[in-house]
Amino acid sequence: MPKVLHVADVHLGARPYGLEERRDDIFRSFEFVVETALKDRPDAVLIAGDLFDKPKLPLRDVKQAVELVRALTDAGIPVLAAHGEHDTPSVRDETLLSLMEASLDGFKAPLYRSGMRPGDFVVDLGSLKVAVVPFFKVPLEERRRLTLRFLREFDQISRTSSGTLVLLAHMSLDAEMQFDAVASPSDLPSGAKYAALGHLHAPRIRLDAPTPYAYPGVLDPLKVEEINTPGSPLYVDLSGDAPIIEKVKVPRRPQYRIEVDIGDGGSIYNAVNRGLRRVLANVRASREDWLKPLIHVIIKSDKPISKARVIAEARKAAGGADVLLKIHWKIVAGGEHAGTSPGLQGEGPLDLAKIAAEYYKIPLNAASTILHDLAEAAAEKDELRVREILETLATTVSQDTWKRILYMR
C-alpha cells in the first residue's frame with residue numbers, strides 16, 4: 001500500500017546571511033533526504049513547494065539539484081513537486097521545475113498554463129493518485145479564488161477516484177496562518193487520504209482534521225527565529241484507515257542564539273564574551289559532528305552604536321573558537337535613540353512593523369517578518385531577493401489596499 005516521503009520548503013540555492021557554508025548545508029540536508037528515500041524506497045517523494053529558493057539560480061546550484069533528483073528517478077522512485085512562491089517567476093514563463101520535468105523521466109511538476117483544468121493536475125501513479133495545486137503568483141484575492149476552484153474540483157475527483165488520493169500544495173490554511181491564507185481545512189478534498197502541504201516554515205501535523213494534513217516545516221532553518229523549530233521530512237503510511245506519520249531526523253549544522261544587551265553602557269567585549277562562553281561550553285559538551293556551529297549574536301541596544309566596533313569585539317571574544325559568527329542588530333524600543341521622526345507625533349518610539357501592519361492591513365508578525373527579510377537582503381546586497389520580497393508583498397496585500405495607497409493624496 002502507498003507510503004510517501006513528504007518534504008517542503010527546501011530552498012536549494014539559498015545562502016542565508018551570505019554564507020557559502022549555509023548554501024552547502026541546505027544541499028547536504030536535501031542529499032540526506034534523497035539517501036533516506038533510496039534506502040527506504042517510498043512509493044513517491046512529494047515536494048510541497050519551494051524546492052528552489054529563487055526562480056533563477058547559478059548553474060552550479062541547478063546542476064547539483066538535478067543530479068540529486070535524478071538519483072531518485074533513476075532508481076524508479078517518482079518525484080512530484082508543487083510550485084511555490086520562491087520557485088515561481090513573477091512573469092508567466094517556464095520554471096526550473098518545468099525544465100526538470102521535461103528532462104527527467106519520473107519527475108512531475110505541473111505548471112499552470114492558460115486553459116488547463118484541475119484534472120490536468122492529477123498525477124496517476126497506479127494505486128496512488130496525487131492532485132497537485134498550482135501556485136498562482138497573482139494578488140491574494142485572485143489566488144484564493146483560483147485555489148478554491150481547484151480544491152472544489154479535486155473534491156469531486158476524490159469522491160469518485162479509485163485508489164488512494166493525496167493532495168500536494170504550497171499554500172497557507174487560515175487555521176494555521178491568517179496571513180496570505182487561501183483556504184480553510186474544510187476546503188481540502190473530502191475524499192483525499194492526506195494533504196501534503198508546504199509554505200509554513202514551522203512544522204504542523206493535523207491528523208484529526210476532516211482531511212488529515214501536515215506541514216513538514218523548513219528543511220534547514222533559514223532564519224535565526226527558526227532554529228528552535230526546525231522541520232522534519234515526513235514518512236506518511238497511507239495503508240490504514242488514517243495516515244501514520246513518522247518524522248525523519250535530519251543531521252544539521254548546530255545553531256545557537258545568544259542575546260547581548262549593551263544598553264547599560266558596559267563593556268561590549270565582556271558582554272559578548274560572557275554569552276559566548278556559555279554557548280561554547282554547551283557546544284563542546286554536545287558536539288557530535290564535524291560542522292562548525294553557527295552562533296547568532298543578537299546585539300540589543302537602545303542607543304546608537306558602532307557596528308564595526310561591536311563586530312570587532314565579538315570576534316575578539318570568540319577568540320580561536322572554531323565557529324561561525326553572525327551578528328544581528330536589535331533596537332530596543334523606549335530608548336532615547338530608538339526611533340524618532342520629525343513629521344510624526346505621538347508617544348514612544350516609531351514602530352515600523354506596527355505601522356506597516358496597520359497600513360497594509362496585515363498581521364503584525366507578518367509585517368515584522370517582511371521588514372526583517374528586507375533588512376537581511378539589503379545588508380547582503382541581494383537585489384533579487386529584495387525584489388522578490390516586495391513582489392510577495394505586492395501579491396499579498398489586497399487590491400483595495402493598493403488602490404488606497406496609489407490614489408491617496
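Sequential numbering from 1, following the chain as shown.
Cβ atoms are placed via backbone N, Cα and C, with glycine included.
Going by Swiss-Prot, these are the annotated features:
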type     : residues                     : note
BINDING  : Asp9, His11, Asp50, His201   : Mn(2+) 1 binding site
BINDING  : Asp50, Glu85, His170, His199 : Mn(2+) 2 binding site
ACT_SITE : His86                        : active site, proton donor
* Separation of alpha carbons, Glu85 (Mn(2+) 2 binding site) and Asp9 (Mn(2+) 1 binding site) (Å) -> 10
* Structure fact -> Here the binding-site residues are His11, Asp50, His201, and the Cα closest to that of Glu85 (Mn(2+) 2 binding site) is found at Asp50
* To do: Select one residue from His86, His170: among these recorded positions, choose the one with the most other Cβ atoms within 10 Å of its Cβ.
  => His170
* Structure fact -> Counting only residues outside Asp9, His11, Asp50, His201 in the same chain, those with C-beta within 8 angstroms of the Mn(2+) 1 site's C-beta centroid are Ala8, Val10, Gly49, Asp53, Gly84, His86, Gly198, His199, Val218, Leu219, Leu222
* Asked: Given the recorded Mn(2+) 2 site (Asp50, Glu85, His170, His199), which additional residues of the same chain have their Cβ within 8 Å of the Cβ centre, ordered by sequence?
  -> Ala8, Asp9, Ala48, Gly49, Ala82, His83, Gly84, His86, Phe135, Met171, Gly198
* If you count other Cβ atoms within 10 Å of each one's Cβ, which of the binding-site residues Asp9, Asp50, Glu85 has the most? -> Asp50
* Structure fact -> Cβ neighbour count (10 Å, all chains) around His11 (Mn(2+) 1 binding site) is 25
* To do: For His170 (Mn(2+) 2 binding site), identify the closest of the recorded positions His11, Asp50, His86, His201, judging by Cα separation.
  => Asp50
* Asked: Long-range same-chain neighbours of His199 (Mn(2+) 2 binding site), Cβ under 8 Å, sequence gap at least 6?
  -> Ala8, Asp9, Ala48, Gly49, Asp50, Gly84, Glu85, His170, Met171, Ser172, Tyr215
* To do: Round to a whole number and give the Cα-to-Cα distance in Å for the pair His11 (Mn(2+) 1 binding site) and His86 (active site, proton donor).
  => 8
